[in-house]
């Protein structure tokens, strides 16, 4: 334990670390602890921690020690009675055990920030430990050459220096159930004697024995006694005894009181920075060797010690405070905190829960379930008990309790108002989902006495506890079938607690075990109802169910779901990777909004006694409504191996259900209540109900426009006698429990493939809860149209089904379970995340990704968008937030703390939905007629990342076909200057289709290649970049099609479009904007108009009649079309300079007249006052109504790819008004861009195979010398080919694609693609040749790291 004798100056970062706030309540405010904490929570939570200085003195030292010894003695006696062991010293005083904690740095450890903790094996009385602690402190300071009295900052400096010095150990007695405060009965008596205020802190409501269940704390309604949560724990420490970075269980508040001794330093990080904090720990603490989920679990072991300096440098808000004896420290939900003691001291702590905790309770429960930790509490149970208790209160006019202060009542009313609002919102959400899922059928109520149904067993709890074999601190499970789970005290968790004690809210409990403080939670209604329900106790005594998707304990309503036979067969045999994409794209939040959009008037009732079928959409149908026709084909089942690697591949599936498919499936019934069945199994389409009547139901009814669940249509059972027929494959028909929200999501996913069997269950007191919610809603003036829900009692068959579902929870299914196939099994994903396969990246699960702040791999871009031009040197700085008393700017904080652009996220999701291909059951994608597969997958994804796209666009309709009058001569194709004139041709049939890379036709001699952004026309010599992927390389199935509906649809210049409104919207947004301005700026000379029909089909007539809104939208979309080539990564060509010269000549002739007339023309065009002849209209990608008043002469127009230039700020403006000023500004920007293009094209590389050009001769010379001319790079290459490939480093070009079916990953380099393919194939080619090792590795980096760390031989490397 060598200690450096150098000067112990305070670290600068410690001096600058913000100090957490301290609050000094008045005596009146101090009477209601929860109300006061709720009052300061908004301010203090931005620090994560705060300090409260009581207005009353602490208890005397003698009293505190006496109470502590009494608690320790009682605990020892209880252990002796339970057959354990108790320890007392020879004088008869109680003793306690301690743990050894490492101080110092051990570089040999894999992760040095994880400090070892182990049992010391010593037993001390309070006096003995105090003597040893003070002796250690004296000796340590003497070796440091420091005086005995040090400031807090000096001690902190000593501590952090010791953490990086030679290791030594200290002792700490923590997590000991007990309290040093006087018993509650004695405290109440003394309070009465003193007039209700108390003489010391222990005689007030701040007595730690009662804080968890204080008035206003939600934990008041927990029936279990969990040490450290609902009852306090004691901590006895010595100098440098530390507690590691952690958050409280379920993100609860914690209250900590220091009784006596030296001070204690606390460090805190606010909840807003929690995810960023975890990422810094993962990167800087764990060396990026753990994925985020395992990082969170490892932090939960409470062994990670890291200096706040690391977090401050990484942009994480962090603060500190020093707790002195007699002071309280409050930590707020989700705030990470750690600290250490300055010397010998002892204190105690427990959890509380203010109403603000309810806002984050669900997310905390999901994160806890994601690491397979069993839940300790149901936030919904506490919420319901809390609100119903408020309803049964005695009116204040006859309340014998004195009103202490208006502040107390005001703070309490704020908390009550918040809980009531959350309560009503939750019941409304349930009401909508019950109505949409149940279709009006009675919902089963769980029995009041459910001893015959074992809802939770010890096996289930034990299987959820995690054991970490690497650490001496671990959770031990003696026997999965035993009655208790033994928890090693060294793990920093709670004491040895029986499962039935700790999780009694999950299991059946005695109905007579009620605390007197909770008696008012039982009734809120009349005395008659109270007598009627005298057998039932508070709502907390009812059993709880855990959702398989999110892990949250559903206290009120659950759904038991089983896929139907058809859906199960599909799930077991087909590649279902697109389900994950569907979930990632839609999100669960949309379902609630969708449910609220439903109309309850169309609901029909089902059979009341059995599971009922959900109306499904079969795949064999062809429905025609009016002039609208939609059709789909029956899927072909494709077989695929169901293994872990297949699941990994499914995480990268690139197809999802698009809006187009949803709209096609939306069918209007011919008459109210009358629908037609299209049976997938080949039946006559009718199902017979129990009463013998024939009931038709609509198989086509899909979602509403918001993807909601339809309430219309009838459904009845075919298999009434046995609704769940046993199948040979248990995994395919396994019953699972879902919360209502995720049950609705699963129903929506499986609806097209056969549907589900569904049983809805509610708490036996749910009708009473819903009745109370309606009263509270009126009180809060919340208007809602409640759906009427009928309830029924469960039958014996229902109880057997419930028991089977709960048994399936305990039986851990493999990767063939249908919920695993569907990607909605949270427990399986949590287990999978701990496998070596996912050591650095979590397996995709939408719930887990959202809980840990990760974006969906479907929507996330593989590389960051490049900001080029002059804007790259200037980073816009803005205020991100205020934490720890400081305003944080965007350049100061960790990237995880930067606010996400909600509009950008929505547009990205919309873009993903529109770009994603439709996929049938065979795994093949069906492409729109005018979009090639390659262009959509590559360009669409890139375009989504760089531009915000409107969710809706102007429908594009097929116009009259045109015939080329004057072709392009050979001369014009050389200088790329041409003139085209078109005339209407209604008598000539023309072909618009061609297989391959080019598309041409008699009427369309120019076509935009969506993949490359190059104009293809007759006589035009095509060229392409070396970095681009050819369509032919991906197979002959990829075709480029023009967007004509049919050849015969052109006749007579008028037609009915074969596209409905929504199809055209999709086609527009899927079009790559690849047409240069020279072809888009045409004068329309042949008058055409669109007339909207009620059925959504547009008809053409002979006069322009277009609304201002449509015109403005078209002009805005033209802005997007102009800049597409800028964003495609397509920069230089071999003939850049020639085209630039021609463009400059043309510009001098036309720019002035265009400026004078463009604004006036657009205004007249938008108002419908002016008709112009059509010069051309091409149905290729990105064609828009762009008007030029004066047509330039022959030779003035040209096609020229745009340069990757600066991004104009108006790129995302699709709906702004096109005024004269806007048009003039656009012309000025065009001139600036052309100047840059000319500069860029001034110096062309003439080396063979190189098409790059530069703006200066210096850059060109460096380039020819095989030196990268990019500023700050300057790399040298021995081959010009490698230099050209190196340019990918400085651009967004990712030409290489993963060949695995369903994977959307793209790469810049071949080696990275090769390594990625191993993820799909499971290949592990690197094998350690060391005897008795034989480890295999997928990546060479992992293999090299293994050899460095182990020293194994590198000479015998094998590849297999």
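The backbone N, Cα and C atoms fix where each Cβ goes, and this holds for glycine too.
Within the same chain, residues at least 6 positions away in sequence whose Cβ sits under 8 Å from that of residue 1250 (Zn(2+) 1 binding site) are 1280, 1284. The Zn(2+) 1 binding site annotation in Swiss-Prot covers 1245, 1250, 1263, 1280.
In sequence order, 1268, 1275, 1277 are the residues of the chain that are 6 or more apart from residue 1286 (Zn(2+) 2 binding site) and have a CB within less than 8 Å of its CB. The Zn(2+) 2 binding site feature in Swiss-Prot is assigned to 1268, 1273, 1286, 1290.
Under the heading compositional bias 'Basic and acidic residues', Swiss-Prot lists 673-694.
What Swiss-Prot lists as compositional bias 'Polar residues' is 994-1008 (among others).
Marked as compositional bias 'Polar residues' by Swiss-Prot: 1046-1057 (among others).
According to Swiss-Prot, the compositional bias 'Basic residues' annotation covers 1136-1147.
According to Swiss-Prot, the compositional bias 'Acidic residues' annotation covers 1225-1238.
When averaged over the domain 'JmjN' (20-61), pLDDT in the model lands at 94. Residues or ranges marked as domain 'JmjN' by Swiss-Prot on the basis of sequence analysis: 20-61.
Residues or ranges marked as region 'Disordered' by Swiss-Prot: 652-698 (among others).
Swiss-Prot lists 955-1012 (among others) with the feature region 'Disordered'.
Look at Swiss-Prot and you will find 1044-1081 (among others) tagged as region 'Disordered'.
Annotated region 'Disordered' per Swiss-Prot: 1133-1155 (among others), in sequence order.
Residues annotated as region 'Disordered' in Swiss-Prot: 1172-1238 (among others).
Residues or ranges marked as region 'DNA-binding' by Swiss-Prot: 1275-1348.
Annotation source Swiss-Prot lists zinc finger at 1243-1266 (among others), citing sequence analysis.
For 1266-1290 (among others), the entry in Swiss-Prot reads zinc finger, with the evidence type sequence analysis.
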* **Residue among the binding-site residues 1263, 1280, 1290 whose Cβ has the most other Cβ atoms within 10 Å** => 1263
* 10 Å Cβ neighbour count around residue 1273 (Zn(2+) 2 binding site)? -> 11
* Asked: Given the recorded Zn(2+) 2 site (1268, 1273, 1286, 1290), which additional residues of the same chain have their Cβ within 8 Å of the Cβ centre, ordered by sequence?
  -> 1269, 1270, 1275, 1283, 1287, 1289
* Asked: Within 8 Å of the centroid of the Cβ atoms of 1245, 1250, 1263, 1280, which other residues of that chain place their own Cβ, given that this set defines the recorded Zn(2+) 1 site?
  -> 1247, 1252, 1264, 1283, 1284
* In the chain carrying residue 1245 (Zn(2+) 1 binding site), residues 6 or more apart in sequence that have Cβ under 8 angstroms from it -> 1251, 1252, 1253, 1254, 1260, 1263, 1264
* **Number of Cβ atoms other than its own within 10 Å, given for residue 1268 (Zn(2+) 2 binding site)** => 19
* When DSSP states are grouped into helix, strand and coil, how many residues of the zinc finger (1243-1266) land in each? -> 8 helix, 4 strand, 12 coil
